[in-house]
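This report refers to the structure that appears directly beneath it.
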Amino acid sequence: MVSLEKNDHLMLARQLPLKSVALILAGGRGTRLKDLTNKRAKPAVHFGGKFRIIDFALSNCINSGIRRMGVITQYQSHTLVQHIQRGWSFFNEEMNEFVDLLPAQQRMKGENWYRGTADAVTQNLDIIRRYKAEYVVILAGDHIYKQDYSRMLIDHVEKGARCTVACMPVPIEEASAFGVMAVDENDKIIEFVEKPANPPSMPNDPSKSLASMGIYVFDADYLYELLEEDDRDENSSHDFGKDLIPKITEAGLAYAHPFPLSCVQSDPDAEPYWRDVGTLEAYWKANLDLASVVPELDMYDRNWPIRTYNESLPPAKFVQDRSGSHGMTLNSLVSGGCVISGSVVVQSVLFSRVRVNSFCNIDSAVLLPEVWVGRSCRLRRCVIDRACVIPEGMVIGENAEEDARRFYRSEEGIVLVTREMLRKLGHKQER
């Protein structure tokens, strides 16, 4: 393990990102989000009033000083590709800055699409090698968080690791959804199990397990060697968590990086924020978190901006209807192009170009872009997919049986409404 002085840290914080390439795994469908991902990959799902989920990983790279990125796509990639082309095309290739789109290719040696997360990188090795990076940062494109990857790179170099895995404690009852690890006093990973049925607890806290966040730093040459070896293994599932990380752990070359060391927070006393919005309830809750008085995730931090594609839209407008009722909101996010006419919106997130007509009451709802809400509607604890036309007088979120019959209702009572569901009920979706 190498001990570095403060000046060395500052120098490495500038140099290491320039020697790195980030690969963002963005090909997943996200089946637990149900119909929300029928026509788009999970990283392309809207979030936070104006963003896409992948904007967080991309923005973290830019803010960390990493200017070379590859986005690995597969499932329903058109929306994702379009978003990146529109919103992330400001790089200067002459300065060796870029975002490369790396789709599944079905290469000549086989007929498989990506067989796993590791295989997604393996199939693009010929392209990735041309980047001539010293370090490769592997990221999931479907998590919500702010992280300075330069701090993780420094930790990787200081510990003399060949592979570093970002980790954080999670409640033990949730740990089966993650890779779970045990570490020694130097953060060397001594045991790693992917999605165990009975997760081991942390020695100092029996209520929690130490979970992998799916964020990795590799020495580039070591990663390429591992991937080529894994590609030849017919018994491998070609996945980082299931195959590569356990193998590296056995070799004694994997170290853990505690997420609090690199989590970017405006309030140093706040809990580190990282969310896997993989279920409808988690997605709904993470959106509404941003509408709270003091949200856990600070989206207003000028020192760590989250970038996205910005349309040219007029400001949101709140107007009174013909009866004199005023449009008003409380504890809500309302994006550009929205019009609220004589209705009340409480603790909700309205994306761009949403129109709420008179006499409506909207509470704890997430309305994606271009939703049209007819008069006298009541919407509660729901997610309304893009461009839905909610007919006049419709009530959602008040009758569990009725919601489950017409739409998708989760076990937690969150209702998802899509255009296809509304069409099946006989409601036209063209305005």
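Note: Cβ is positioned from N, Cα and C throughout, glycine not excepted.
Listed features, source Swiss-Prot:
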- K39, R419, E420, M421, L422, R423, Q429, E430, R431: beta-D-fructose 1,6-bisphosphate binding site (BINDING)
- R40, H46, R52, R130, E370, R386: AMP binding site (BINDING)
- Y114, G179, E194, K195, S212: alpha-D-glucose 1-phosphate binding site (BINDING)
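Here the features listed in Swiss-Prot are placed on the structure.
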{"residue": "K39", "record": "beta-D-fructose 1,6-bisphosphate binding site", "Cβ neighbours (10 Å)": "15"}
{"residue": "R40", "record": "AMP binding site", "Cβ neighbours (10 Å)": "23"}
{"residue": "H46", "record": "AMP binding site", "Cβ neighbours (10 Å)": "25"}
{"residue": "Y114", "record": "alpha-D-glucose 1-phosphate binding site", "Cβ neighbours (10 Å)": "24"}
{"residue": "R130", "record": "AMP binding site", "Cβ neighbours (10 Å)": "9"}
{"residue": "G179", "record": "alpha-D-glucose 1-phosphate binding site", "Cβ neighbours (10 Å)": "25"}
{"residue": "K195", "record": "alpha-D-glucose 1-phosphate binding site", "Cβ neighbours (10 Å)": "14"}
{"residue": "S212", "record": "alpha-D-glucose 1-phosphate binding site", "Cβ neighbours (10 Å)": "24"}
{"residue": "R386", "record": "AMP binding site", "Cβ neighbours (10 Å)": "19"}
{"residue": "L422", "record": "beta-D-fructose 1,6-bisphosphate binding site", "Cβ neighbours (10 Å)": "21"}
Can you tell me the CA-to-CA distance separating R386 (AMP binding site) and G179 (alpha-D-glucose 1-phosphate binding site), as a whole number of Å?
33
Once the chains shown are all counted, how many other Cβ atoms turn up within 10 Å of the Cβ of E370 (AMP binding site)?
16
Say you check the Cα of Y114 (alpha-D-glucose 1-phosphate binding site) against those of the binding-site residues K39, R52, E370, Q429, R431; which is nearest?
K39
Counting other Cβ atoms within 10 Å of each Cβ, which of the binding-site residues R52, R431 scores lowest?
R431
Site extent for alpha-D-glucose 1-phosphate (largest Cα pair distance over Y114, G179, E194, K195, S212, Å):
22
Please classify the secondary structure at L422 (beta-D-fructose 1,6-bisphosphate binding site) using three-state DSSP.
helix
Minimum Cα separation from E420 (beta-D-fructose 1,6-bisphosphate binding site), reported as the residue among binding-site residues R130, E194, E370 that achieves it:
E370
DSSP three-state assignment (helix, strand or coil) for S212 (alpha-D-glucose 1-phosphate binding site):
strand
